[in-house]
């Protein structure tokens, strides 16, 4: 992103909960991917879900013998149950859903493009523009509004599932606006929005205080960035009783900004969920994040954005570019040469480095695809080498 040149400018990010209709679809897509990978590590999967009312339609293309034995309906039901949709009054009920399986086979043309006969190499599963980003605003190297927006909803989910706040229901969204100084450092939370589905028999007056005092404030680590001027918009539309797929149709891949950096970085448009690692929309996005995070952690810059571009069937990226964080062209070229010579950016190289044949994807797809330190692409194991070669 461009540098902020004036003080008192604000930046905003949003997040959605696991019970948001689009996120239900993402989770079903990734749960299906995981179940296939448990048996077939080399499966090719592109799974798309649409969910509306009490209907789930599962489509896409899968190339794996596991498809024949996969219990699609049970996978979908388990996800919906685990989220907390156990009563149709919530907007969905796992016990009564209708599931339509419309999954087809992967195109033979695509199969041939990805895997050439007589070669172990993998070409990219599609063309695409991919970005990876990191900044030094938080300990997870993510933008502060984005991290806080997700943390608020995770806290709400924990309190809902534990029964600590009984009137909460699964569907929710948040949005955080933070004021920055002229050096682009976060200095104050200006506004927090939380829209949370709730039981019909509770008033908005009784909803407001628990959301602020039990969910929002305990989530904010740095108390100095909130004050009496911080405003809270809690269910600004009024009642939020009708939620889940009864209120809105959900679709896989429709929350790509909430999945990545909350609007702080560019996005090539490709979604993550339901895709195996030959799809560079997902795997190369993880790799670009890994590189960017290690660059910022090494002190190369306060923020770093990397663009990768691929062509279907071709191993190596056709373009690599630093798109934010480095202003010196000569230094940028030195960094690019380092990236090319030290990181394998082919699909095979990325899959091996980041261990992407494992059934890990359901864990990635809620509350941000990035910033979860359990995953390989969040490791800071390249920092020392970067500092040795590149640190000015």
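Note that Cβ sites are derived from N, Cα and C of the backbone, with glycine treated the same way.
Values in this document were obtained by computation on a predicted structure and should not be read as measured data.
Marked as ATP binding site by Swiss-Prot on the basis of sequence analysis: 20, 171, 172, 173, 248, 254, 255, 271, 275. The DSSP secondary structure for residue 172 (ATP binding site) is strand. Counting only residues at least six positions away in the same chain, the Cβ atoms of 16, 17, 19, 20, 153, 156, 194, 195, 196, 197 sit under 8 Å from the Cβ of residue 172 (ATP binding site).
Other C-beta atoms found within 10 angstroms of the C-beta of residue 22 (Mg(2+) binding site) number 23, with every protein chain shown included. The Mg(2+) binding site feature in Swiss-Prot is assigned to 22.
Residues or ranges marked as K(+) binding site in Swiss-Prot: 48. Reduced to three states, the DSSP call for residue 48 (K(+) binding site) is strand. In the structure as shown, the Cβ atom of residue 48 (K(+) binding site) sits within 10 Å of 21 other Cβ atoms.
Cβ-based neighbour count (10 Å, all protein chains) for residue 61 (L-methionine binding site) stands at 17. Residues annotated as L-methionine binding site in Swiss-Prot: 61, 106, 248, 279.
Here the region 'Flexible loop' (106-116) has long-range neighbours at 44, 46, 61-63, 122-126, 278, 312-313, 347, meaning same-chain residues at least 6 beyond its ends whose C-beta is under 8 angstroms from one of its own. Per Swiss-Prot, region 'Flexible loop' is recorded for 106-116.
Neighbour count (other Cβ atoms within 10 Å of the Cβ, all protein chains): 28 for residue 20 (ATP binding site). Listed binding-site residues near residue 275 (ATP binding site): 48 (candidates 22, 48, 106; Cα-Cα distance within 10 Å).
For the binding site of ATP, formed by 20, 171, 172, 173, 248, 254, 255, 271, 275 according to the record, the largest Cα to Cα distance is 25 Å, rounded to a whole number.
Residue counts of the region 'Flexible loop' (106-116) by helix, strand and coil are 7 helix, 1 strand, 3 coil (DSSP-based). Taking the Cα atom of each, residue 48 (K(+) binding site) and residue 61 (L-methionine binding site) are about 9 angstrom apart. The average per-residue pLDDT of the prediction over the region 'Flexible loop' (106-116) is 80, rounded to a whole number. For the pair formed by residue 22 (Mg(2+) binding site) and residue 248 (ATP binding site), distance between Cα atoms is given as 9 Å, rounded to the nearest Å.
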